[in-house]
Amino acid sequence: MGKNIVVLGAQWGDEGKGKIVDLLTERAKYVVRYQGGHNAGHTLISKGKKTVLHLIPSGILRNNTINIIGNGVVLEPHALIKEIKELEMQGVPVRNRLLLSAACPLILPYHVALDNEREKARGSKAIGTTGRGIGPAYEDKVARRALRLGDLFNQITFESQLKEVIEYHNFQLVHYYKAEPVHYQRVVESIWGIADILKNMVIDVTQVLSQAREKAENLLFEGAQGTFLDIDHGTYPYVTSSNTTAGSVATGAGFGPLYIDYILGIVKAYSTRVGAGPFPTELNDETGNFLRDKGHEYGATTGRSRRTGWLDAVSLRQAIQMNSLSGLCMTKLDVLDGLKTVKICVRYKRTDGTETMSTPITSAEWAEVEPIYEALPGWKESTFGIKEKSQLPQTALNYIKRVEELTGVPVDIISTGPDREETIILRHPFDEMIKK
């Protein structure tokens, strides 16, 4: 019987999802992206060879895996073609392994222009977007004026709709932001060659996944970003423009929620965040710099340095509840090697002196909380590359056990290095049929 699992980030993104998805795809027939866009950056390392993906699912390097980009993903066609060609130069037959939903909203030049002009206008209050047009593209989708991938294949209708939408957005660009307009003809000329390349990959994703499930194939749904960047449940407004929680598998891939067997939350052994927004356990000190440097905490998409801090069990518990996580995968355990003391945030303290074990909702409430830490002994021994739980230092095992106690969820996978082989699998998601 086939199993259907979801892999998603339980923090603010950059948890190491790409490596874990790449590892688990050995057992998956289909790997599906269901939200986000090319603002994601998933890094895969196998036998020392590094591959960075932004749009294409992380199963693309596997010979027998079919990779799908679902309708919940906003698609920048030029970025997709670039990624396809880069992989093909490495000998990966992408066009034989990749399928696309006809319902994917397109990211077009006016979305990028709006994204950048808005960030400029915000000044010191900038959200810290990647500037790739993700938010404006989702806005058009909700406003029912988006051009979708399937629209590309009817030239007359597409050009008519495109002209109308460009006029709409140019009014804002020119008259509000005092910026240059986007030229209709240039957009048209740049898009038509791409339509021919992508046409044979376009499918009805819901039907393909339904047939795969009926054939008892293993399906893996790959999330982008992280739980606390969710447009509804994240640290709003410092969030992305899509739903990053497990529920978006249903809306972003057309796959019924009752068919999901296991949901794996990826969590670093510490915390990181890119860009502005609340981060209660942030460390602006020597320890923070240690975590950043040793963990190579620089974005795969933007190259920006990440903010670093201790593991936050308060937000992690919230992520477990929102996503109904079956188990956790703890990544970058090896980064904590050598620290005399490691800390976990177990509660928040408000400015009025009261304590809470819940995450705030508003920005004002987030600004008022401070972390209450529990300190545990660190370990001097190296955990890098360890593949057996029995080889881990006892203090590292105690740290993992304490995380399990604080969250009520087992740590099923431990990552001790960037390569897919540098992993301890205690319970394989495809071996379990757990529903919560």
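Cβ from N, Cα, C; glycine included.
Note that the structure is predicted; figures quoted are calculated from it, not measured.
Just one of THR157, THR235, THR240, THR287 is listed by Swiss-Prot for the same IMP site as ASP14, GLU15, GLY16, LYS17, ASN39, ALA40, GLY41, HIS42, THR130, ARG144, GLN225, ARG304, and that one is THR240. Figure note: comparing Cβ neighbours within 10 Å for the binding-site residues GLY13, GLY16, GLY303, the maximum is reached by GLY13. THR43 (GTP binding site) sits 9 Å from ASP14 (active site, proton acceptor), taking the C-alpha atoms as the reference points. Nearest by CA distance to ASP14 (active site, proton acceptor), out of the binding-site residues THR130, SER305, LEU333, is SER305. Of the residues the record lists as binding IMP, namely ASP14, GLU15, GLY16, LYS17, ASN39, ALA40, GLY41, HIS42, THR130, ARG144, GLN225, THR240, ARG304, the two whose Cα atoms sit farthest apart are 34 Å from each other.
Across the fold, the C-alpha of ARG304 (IMP binding site) and the C-alpha of GLY13 (GTP binding site) stand 13 Å from each other.
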